[in-house]
Amino acid sequence: MAAATPLLKDELDIVIPTIRNLDFLEMWRPFFQPYHLIIVQDGDPSKIIKVPEGFDYELYNRNDINRILGPKASCISFKDSACRCFGYMVSKKKYIYTIDDDCFVAKDPSGKDINALEQHIKNLLCPSTPHFFNTLYDPYRDGADFVRGYPFSMREGAPTAVSHGLWLNIPDYDAPTQLVKPHERNTRYVDAVMTIPKGTLFPMCGMNLAFDRDLIGPAMYFGLMGDGQPIGRYDDMWAGWCTKVICDHLGLGIKTGLPYIWHSKASNPFVNLKKEYNGIFWQEEIIPFFQAATLPKECTTVQQCYLELSKQVKKKLSSIDPYFTKLGEAMVTWIEAWDELNLLGTTWLSCLSPMVQQRLKSRCY
């Protein structure tokens, strides 16, 4: 009997930012090997990144990014995992799953390996409930349903744009919390998936994240972080705040909870504190900005919504620091680059090295 075809095998790309050899993929081989990988190499482009044999992938370094985007490459962060969003831009698939290279396969309470990708796909293919909270959490999961009192008119739910997974072992803490709790580990496995209610923000983590690129892709910009920027480690959260405002406006849902991955190592809290220092103060003004942000009804596409947000960022956050003027401009550049790359089809292939061209042609064209 033939093995079942993996879910969304030809409709999903796995995006991995990295500065090191990808030995961690061996652990993920049973789950990832059927899918196409987009590897975004950060740091020194002359360094050779080794990928285990048997994986279908394309790899982009900074030289590739500069060739493909030209002057617009300025919107892609350098020396920061925010560079992963370049992979979102060049993907031609409907769905994206992104994972960090220090994330391993976790086990459920029974000791079984968790297929994180499969759970993300299930989350994305089922509706969300952003407009009315179901106290049994996700009513579309096996063994659950809508509770008494849930409006029948809302039971069709909303399309799910984002599936936000969690982590066992090393928690995703900010630097001050890391310093206070250096030995804390997350050992609690909560068997739940829930929709984040409309009007509620959340701190999105990019290390175990999936989304519907067609529904929300242009909003998944991880900002200007890392080299030459006054802030770091806020890339995924910035994208999450923008995405949540846009999802609320467009009637889309975001789920959080399962699946878990095993986060294997803690980053240096002193290095993190230096990166986060400005953000720790700035977020006390950034978050109220997003809580109050509204988009006009004329904004009916993600791009229109994002460009409107960029105007509001420049107008209302630039008083905090000139960085936000630069960020607002980069948001516009990101959308321009996204539209050019996704509307021009294959014309940007000539910018790539012959090896990458061949990989792309054999896969897509």
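The backbone N, Cα and C atoms fix where each Cβ goes, and this holds for glycine too.
Features as listed in Swiss-Prot:
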CARBOHYD  R148  N-linked glycosylation site
SITE      R148  site 'Required for activity'
SITE      R155  site 'Required for activity'
Would you mind checking how many other C-beta atoms are within 10 angstroms of the C-beta on R148 (N-linked glycosylation site)?
5
Just counting, how many other CB atoms are there within 10 A of the CB of R155 (site 'Required for activity')?
15
Rounded Cα-Cα span from R155 (site 'Required for activity') to R148 (N-linked glycosylation site), Å:
12
Does DSSP give R148 (N-linked glycosylation site) helix, strand or coil?
coil
